[in-house]
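K.L.:
Okay, handing you the structure first.
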């Protein structure tokens, strides 16, 4: 939301502000029981570094969404969905190269066979999970840039934030996680935030149509 305002001059309505606030509150609610999530053998320093890097990753992701919308705005040629796909291809290739270099430096490729052999449900399913994760993430990112193309980076970010409590629901259904009160509250807040944004968009659309009708009416009367 912040980058959308700063970079693409997104105008926030009362409803969109409320939506952002509720989604942040929902995400924060999920973290209330997060004091025991430090893995065994991980030092406090390593945990703090991981936390900071996660936050920075979130910041970079939010910046990326607004920069993509800025590309659409600044482009001299008309933006088609083919060009959107080309932009997504460049993002994907750049990310792959960047991550591959990091994995080589950190020797992560050598760790993959070990992780596969220790995978609880089998080595073959480990690689199957990797492949499907890559495919699903590409589809998700393609959907996000499509939302930016047809709407805005703000809506794209709101959908991304809304998926967090949805993931919690899927974890409860598929992995039989405990349904804690915090999860219920987070889901409720996220739903309210999601509805708030779209209600605001509907009201804004009605106002614009009404203003256009009045302007046309005034023009006819004056001429």
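Just so you know, the numbers here start at 1 and follow the chain as drawn.
Cβ coordinates are placed from backbone N, Cα and C, and glycine is handled just like the others.
So TrEMBL says this about it:
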{"type": "TRANSMEM", "residues": "12-32", "note": "transmembrane segment"}
{"type": "TRANSMEM", "residues": "47-72", "note": "transmembrane segment"}
{"type": "TRANSMEM", "residues": "84-106", "note": "transmembrane segment"}
{"type": "TRANSMEM", "residues": "126-150", "note": "transmembrane segment"}
{"type": "TRANSMEM", "residues": "157-175", "note": "transmembrane segment"}
{"type": "TRANSMEM", "residues": "181-200", "note": "transmembrane segment"}
K.L.:
Other than its close neighbours in sequence, what residues sit by the transmembrane segment (126-150), given a CB gap under 8 Å and a spacing of at least six beyond its ends?
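P.N.:
Cβ under 8 Å, 6 or more out: 65, 68-69, 72, 79, 81, 84-85, 87-88, 91-92, 115-116, 119, 156, 159-160.
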K.L.:
Quick test of the contact rule: Cβ under 8 Å, at least six residues beyond the ends. What residues does that give for the transmembrane segment (157-175)?
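P.N.:
Contacts of the transmembrane segment (157-175) (Cβ under 8 Å, skipping residues fewer than 6 from its ends): 1, 4, 19-20, 23-24, 26-27, 30, 61-62, 65, 144, 147, 183, 186-187, 189-191, 193-194, 197.
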K.L.:
Taking a Cβ cut-off under 8 Å, which residues six or more beyond the ends of the transmembrane segment (181-200) line up next to it in the same chain?
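P.N.:
Here the qualifying positions are 13-16, 18-23, 25-27, 29-30, 32-33, 155, 158, 161-162, 164-166, 168-169, 172.
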